[in-house]
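Enquirer: I'd like to ask you about the structure that follows.
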Amino acid sequence: MLGDADFSWMRNYGTALYMRGPFGRLFLFTVDPRVIQRLLSAFEKGHLAVAKWRDIIAQNGGIPVVLNVHSWLARITLDAIGAGNYQMSMDYDLGSLQGNENELAKVYENLFAHAHYNWGDADIVFLDVVGYLPEWIIDLLRNSPDKRSKQMSLLAAGKEGGKDIMSLLVSAKHWSATISTEDLVAQLTTLLLAGHETMASTMNWLFYELSRHPDIQIKLRKEIIARIRREVLRYHPIQARTTRTAGQGDIILLSEAQKTTDGKTITEVAVEKEQRTIVSFDAYNRLTSIWGEDAHVWNPERFLNDNGTKTKTGLGVLSNLLTFSSGERSCIGWRFVILEMQSTLCALIPNFKFSSPPGNVVIFRVASGLMLPMDVFL
Ligand code: HEM
């Protein structure tokens, strides 16, 4: 029967064993959870952080240290998107966790915060001047065409590459129409931008909440992570809103009747052609009619039952959450996010205890393109 051989190997030889297959080829057979996690998580970068953090704590004589988790998580997620053979990764190890001086990693460090805050004089001058530069100079500043085209011809010829997005895009097998180099670079830049800081900041919020809830950290070490993951996505949706412009006018029924400021009750809203609409993912994720009276409380237990909701809305790609938006333009990276969160948590949580830094620190959610954590010492 299927499994009999495996069960007996496990019983007789343990959880990992080498065996010879046809033509004497050596196989590793394993049911060891850690080994499996490592083998199946090509893009898992959390274990590198574990080693580095252990070193830092050891250098401090084993005494807990205050770490800038934000910067570490940014490096974990950047490396995860870069490396690996997963369909959302790019088969390019940035090595920023290893401390590599990487140009891309440097540019992406705190990109959203820099884009919205902290503008130095040089940035302001540069942004002003850049609009007057000829296209070829901008191109030259942006990339190094020689290196790029060499790599692309290797990928196109099938000499390099795998299942990562870069190889898929370039490979003629997967791409019926020709795609220009500019389009390809634009697609990859979009993926990096859409995927990197979103994921890093969500993880940031997750560790922030865990440091405020030591009881949940203890539970988390014992239990499965899905609930925590969903709750942080609900509570801190990194893109708080989206906007749409109506292609045509419409009258839309409300789910619940609303009172207007002059006391009337309405059951529908009118949308005019070309009207800009703002959808608040953040507020939707806190609707008491959906999430219950404690919608403003960070409480992973809500996902114990019935998808965490009082009412099912059919919105979103996961558990009625709008964090990844909904419908045809919803996030294409959400499965990657879930897997990456899982692997990072599995690597870090059993090894470290997280707590807020000493002193009276208040963390604010700052609208900075994304919802970023900003700390203030009182
Ligand atoms: C926690 C992490 C993430 C969150 C919360 C998130 C959220 C979102 C949201 C809300 C949208 C819709 C934007 C709108 O219509 O206004 C979106 C779109 C998108 N996301 Fe994500 N995202 C995350 C991670 C990722 C990752 C890892 C990737 C890819 C590697 C990615 C790629 C994209 C792309 C390409 C779109 C545009 C889809 C389209 O317009 O058709 N995202 N994301």
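One is the number of the first residue shown, and numbering goes on along the chain from there.
Positions of Cβ are set from backbone N, Cα and C atoms, glycine also.
What TrEMBL says about a protein is an automatic prediction, not a curated fact.
Per TrEMBL, the features are:
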| type | residues | note |
| --- | --- | --- |
| BINDING | Cys331 | heme binding site |
Enquirer: According to DSSP, does the residue listed as 'heme binding site' sit in a helix, a strand, or coil?
Expert: coil
Enquirer: Would you mind listing, in sequence order, the residues at least six apart from the residue listed as 'heme binding site' in the same chain with a Cβ closer than 8 Å to its Cβ?
Expert: Ala194, Val317, Phe324, Ser325, Val337
